[in-house]
Amino acid sequence: MFPATRIRSCLPVINPMFKRLKPHRPFRQANLYQTKSVNTTAQLQKSKWTNVRAIFTRWVPLGSVIYVGWCYIRATINYEISKVEIKFYEMFPFRITSRLWGKIAAYELPVSLRSFVYGTYARMFSVNLSEAAISDLTYYKSLSAFFTRALRDGARYISPAPCVSPCDGVVLNCGPAKTDRIEQVKGVTYSLEEFLGENKWSGNGRSYYDSLLQDKKNVLHQCIIYLAPGDYHRFHSPCDWNSSFRRHFSGKLLSVNPWMASLIPGLFTMNERAVYIGEWKHGFFSMTAVGATNVGSIEIYKDPDLRTNTKGKRNRVDETVMEKISFKKGELFGQFNMGSTIILLFEAPADFKFDLKGGDKVLVGQALTEMSKENSR
């Protein structure tokens, strides 16, 4: 080892050697500049990605909140939505998202997750699990199976009234329909002909409204019932009747909740729907299952050929003349995979009265009519 004194004595010689190396520093500086350039490019790319991500994490949620708030304000001041806004709303890919949701809902969940998932859903949407035929949540393999669960025996009482509620839900509107324009909610209407389609089952040449009536003394009546996500998702026959004609409109899948129904005129004529037409004791009778966002799948138990929310043209109309199918009051008719709407349009005497009003909560089998008058006929 060199002694410390010897090393110190060499410093005057070593220092000039390091000074002569200074001209080589630009090479290291070039590498430094190159590194800085790479870092700057990486930062720019990161900044660009951050800006794109901010659109979805910041601006889209903020814009959605502002839009929903503005819609709420408009609803409180009876604002009428414009055609441009309706077209913009129709541009959203609800059919694609509904098919995607259908696949998710049909996915078999692990047994360990079922109680948590279904229990959380039940708490969020106030589902009455005590009414289910099978109360063990682990029995239901998928969300779809849970949504379409059966009721236990005795959970619903079928009224002796001639016409009863076909489903659980909230009444949006009910009463006589005396013109071709019918109220879907108070002050907002839809076209009768656009909703049912061309009259090919009665074949007379009168006006569309009159062509539906078998007795000129009668008038049409309607009842619109909205099924919320937490309601029982199956629907039943509301009376004793026969159906021999089905028309399937493969329209859009817009939301049909009461708020949207109050904003968009003709909402039910835009959406996908399965219309069943026939007769009951007073004449013309129709029952329509209307699809909605995430409810593209409509299943009718006695019509296995019906296929809804399929790929293809949105405005396609399929018509089927069926052999006469008889339905008994309270009999299972079909099911939705989420909340949606059932619309009854039927012929009845002018003094026919509903025993409920818009906004009322109804259950399957609950009387729709005033008992005394109907039983006297």
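Note that Cβ sites are derived from N, Cα and C of the backbone, with glycine treated the same way.
These numbers come from a predicted model, not from an experiment.
Here's what TrEMBL has on this protein:
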- 1-58: topological domain 'Mitochondrial matrix' (TOPO_DOM)
- 78-377: topological domain 'Mitochondrial intermembrane' (TOPO_DOM)
- Ser340: pyruvic acid (Ser) (MOD_RES)
- Ser340: active site, schiff-base intermediate with substrate (ACT_SITE)
Including all protein chains shown, what's the count of other C-beta atoms within 10 A of the C-beta of Ser340 (pyruvic acid (Ser))?
33
Under a three-state reading of DSSP, tell me whether Ser340 (pyruvic acid (Ser)) is helix, strand or coil.
coil
Restricting to the topological domain 'Mitochondrial matrix' (1-58), report the mean pLDDT as a whole number.
54
